[in-house]
Amino acid sequence: MLYLVGVGPGPGYVTEAAAKALADADCVFYEDYTGPLHLETIRRYAKTEPIRLTRRDLEDESGRAILQCLEKGGRAVLATAGDPMLATAHAAVVAAARRRGHRVEVVPGVSIICAAMSAGCLSVYKLGGVATVTYPRGGVYSRRPYELAEQNIKRGMHTLLLLDVKEDGSFMPPRDAAAVLLELERLEGKGVFKPETPAVLVHRLGWGGGAKYTNLAQIAASDYEGPAVIIIPGVLGPVEEECLQTLR
Ligand SMILES: C[S@@+](CC[C@H](N)C(=O)[O-])C[C@H]1O[C@@H](n2cnc3c(N)ncnc32)[C@H](O)[C@@H]1O
């Protein structure tokens, strides 16, 4: 049996279901490339030493170590930060295990997507598509955040932007993300990401950070560290507006 276990955005968000899955497992694997994971928390519940898997182990090797544990009849856990299935490619691990006849249970965790909407006072009813702000690869910028925000804004929807993970595993700081968005504006020129564009910055949630209602120019000049998300609000309702003013 394989359990995909989400342990939430930071220390202290482990659910009872997650704790039980960790305690009952014969093999505990974790990955920390889709979000920062508090290893001491995993160790507190697991009865075996957790084994770190890289993106390559999971995406190119199809999680072979996990399958080996399952094939010996063991109960395996793959623990991730946040929710194990939101904004990750772990559905492939689920599919690979099920194809081999193993049962799989997903133990949902508090996702940064939910946590950021809550901390940022924004209604999930108006959440449009989600995108990731990435560093240019080979000098080329992904235009996805721009295109998506443009569509969402036309529909009055909020745009939640996750931020890139660097090669060394560290998280893109918000100032770099704002700089990328302003550069996309320079390339596209449709007025989607202007310096004065209002933005909700949610940084290091669960790790002593918080939420701030600000704009892209101020984020670009800030020294907040990642991990973080930036939400570009759509049309605000009066309650959202009132609550956001408390985050200034
Ligand atoms: C690829 S997403 C994975 C989301 C995760 N599966 C979840 O459901 O929470 C990872 C991104 O979420 C954001 N993130 C993760 N943890 C965060 C935190 N504690 N506070 C703010 N943003 C966070 C960062 O933008 C990071 O690059």
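Backbone N, Cα and C atoms are what each Cβ position is placed from, and that goes for glycine too.
Under the heading S-adenosyl-L-methionine binding site, TrEMBL lists Asp83, Leu86, Ser111, Ile112, Leu163, Leu205. For Ser111 (S-adenosyl-L-methionine binding site), the same-chain residues 6+ apart in sequence whose C-beta sits under 8 angstroms from its C-beta are Gly6, Pro9, Gly82, Asp83, Leu86, Ala87.
Marked as domain 'Tetrapyrrole methylase' by TrEMBL: 1-209.
In this structure, the binding-site residues Leu86, Ile112, Leu163, Leu205 were compared by how many other Cβ atoms lie within 10 Å of their Cβ, and the smallest count belongs to Leu86.
The maximum pairwise C-alpha distance among Asp83, Leu86, Ser111, Ile112, Leu163, Leu205, the residues recorded as binding S-adenosyl-L-methionine, is 17 Å.
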